[in-house]
Amino acid sequence: MVCLCIFILDVTVKTYLIGWEEFRMNKWLIGYTVVIAASVVDWMLSISMMCSESLRVRRLIRPFFLLQNSSLMKKTLKCVKRTLPEIASVILLLGLHICLFTMIGMLIFAKSDVRSDHILITSFLSILIWLIILILPALNIDIFIYVFSFLLGTYLLMNLMTAIIYNQFRGYLLMSVQTSIIRRRLGIRAAFEVLCCPGRGHTSTQSEVAVNMFLQVMDRVHMKSYWREAIIKAAQQFPDGFINGEAFQRLFNELDKDFMKEHPPKPVYSSPVLRHIQIIYSHFYITVLGNVVALANVICICTVLVLDSEKSGLEKNNFYMEILNCIFILYYLIEMLLKIVAFGWRGYLSYRNNIFDGFLTVLLLAIQIAIFITYRIPYEKVDPVPGHVMALWEMVRLVNMLIVFRFLRIIPEIKLMAVVASTLVDLVKNLRAFAGILLVVYYMFAVLGIWLFQGAITPPSNTSLIFNANVENKTDGPFSMDCGTFEQLEYWPNNFDDFASSLVLLYNIMVVNNWHVFTDAYTRYTTEWSLVYFVAWWLTSSVMWVNLFVALILENFTYKWDRSNALSVEDVERIAYQSTVQLIFREHVQEPTEEELLAQLQQHPHLHLSW
């Protein structure tokens, strides 16, 4: 109730601020009001029934509040909506393919007992469902008609689906970015015109803004500090003290960039030895040498593991492994200390790779000291003190794991690996809206699944007795212990009895993890109409959203790869500095002209300027 009161207050304030005319034109606010009203009515019904009802509508419509308060998610949802007609045409082609091969299968194997992997070709519906399952390879079939349908559906139509979704959604996302850039340019131009109004502190006859006035306004603008500092720094570069319209637009290009702090200057030493150390250990080849040493360490560990693979923990000789680890850890420690001398403490910590190396080096050193203290030097081949919390072999294995993990430092030094890694990191930033909408879809299907199938499948009290009784004779009812069934695989935790189990089951279906087993089980325990729910979830998650993720991943990677070809290895990290969705499509976006911006400003209902 507290949340509903907050939402009611929110929609009331928004309606009051924008006015009734704007409210009637805003579909999201109208939907916001309807959802709040429905939630209040449903809450009142729950109170009147003493919260004993099992069906609560407000649970299903609750994700609307998340969508309504996120402009990025609304924009993404609009792009998906515009893409749906093209996706629907491909799904129609896919359905035609499935129905065609269903009828061909019934004609070829009509009234026969041909069986393959427990598939009996008896009805139109059973063949239809199996062909849908075969489009995503969840199992292998040795009937020719199934194999041909599988090849055509999986390797032709599904890849065609991915290509069409990628192309169409990319086009509509480009349109969305175009609209967003026009709105930004319009807002910046409006701010410029407001600052250029007569009586604003400048006497220039041209349309210009005084730098001093602009700096005063920027001090009162609420934005991130590094954006403000970058814009102010760029504005102070105008020698005549005035900014024209084109330069005013360019100032705000800094909003597309993320913060990338400068590295502190290197310390200045008077000692010749320290200066030579600084020159040597600040060179790029020292990093290459460190990567080679890390590779040699990993190769040594791999060799020892292969030689000791057939031995038990007590039979393994940890002495040579410990000697190698001590040598390499000593090198890592010396490398870390000399780099601190070369770059200074703050300069050393300004590099992410150095933080990663330093943390693991200190951790390795601490574990190695703990080994020396616990087992003394020299120690025997067998653990001399079996009562320790962690055996010697376990501690050595932990050290080896950290050393192997430290080898990941080579990723930023290889251009292709750096591009892939930066793409993965950038997905968190650019795909937040998609992940949010996918979370909403997950929530709605989970709630709907609980409504429809809660308690439909219950595990038997004694599965072993039922299994023994049904080895030869199958009992009546939906229960079946045939090979590959829900009961034989003991998939009892995969159900819709609670919200967490529903999410796990939906995830298994999305990644095509034996989803035909779940459809078969719920068809037997409920009705064949349950297939509508599972196929709808498969189309929504696996067909649509997975392909949308693939489309943006491809676009992001292609953009960064094209830019990285003109950069050195050291500059690849800067690709992540300018990798927003707007910059990815910037070269394909047409900037609005000055006349278009002025024409839209003249028609704006809330802005009245006198030129």
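Backbone N, Cα and C define each Cβ position, glycine as well.
Note that the coordinates shown come from a computational prediction; the quantities given were computed from them, not determined experimentally.
Here TrEMBL flags 1-169 (among others) as domain 'Ion transport'.
Residues 1, 4, 7-8, 11, 14-15, 18, 23, 56-58, 61-62, 64-65, 68 of the same chain lie 6 or more positions beyond the ends of the transmembrane segment (29-50) yet place their CB under 8 Å from a CB of it. As annotated by TrEMBL, transmembrane segment applies to 29-50 (among others).
For 87-110 (among others), the entry in TrEMBL reads transmembrane segment.
The transmembrane segment annotation in TrEMBL covers 119-137 (among others).
Positions annotated as transmembrane segment by TrEMBL: 143-166 (among others).
According to TrEMBL, the feature transmembrane segment maps to 284-307 (among others).
Positions annotated as domain 'Ion transport' by TrEMBL: 298-559 (among others).
Long-range contacts of the transmembrane segment (319-343) within the same chain: residues 266-267, 274, 277-278, 280-282, 286, 290, 293, 296-297, 300-301, 304, 350-351, 354, 357-358, 360-361, 364-365, 368, 371, 378-379, 381, 396, 399-400, 403, 406, each at least 6 residues beyond the stretch ends and with a Cβ under 8 Å from a Cβ of the stretch. According to TrEMBL, the feature transmembrane segment maps to 319-343 (among others).
For 355-375 (among others), the entry in TrEMBL reads transmembrane segment. Non-local neighbours of the transmembrane segment (355-375) in the same chain are 290, 322, 325-326, 329, 332-333, 335-336, 348-349, 383-385, 388, 392, 395-396, 398-399, 402-403, 405-406, 408-409; each lies 6+ residues outside the stretch with a CB under 8 Å from one of its CB atoms.
Positions annotated as transmembrane segment by TrEMBL: 395-412 (among others).
Same-chain residues lying 6 or more positions outside the transmembrane segment (433-453) and placing a CB less than 8 Å from one of its CB atoms are 54-55, 59-60, 62-63, 66-67, 70, 72-73, 75-77, 80, 495-499, 502-503, 505-506, 522, 526, 530, 533, 537, 540-541, 545, 548-549, 552. Feature annotation from TrEMBL assigns transmembrane segment to 433-453 (among others).
Residues or ranges marked as transmembrane segment in TrEMBL: 531-554 (among others).
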Model confidence over the domain 'Ion transport' (298-559) (mean pLDDT, whole number): 76
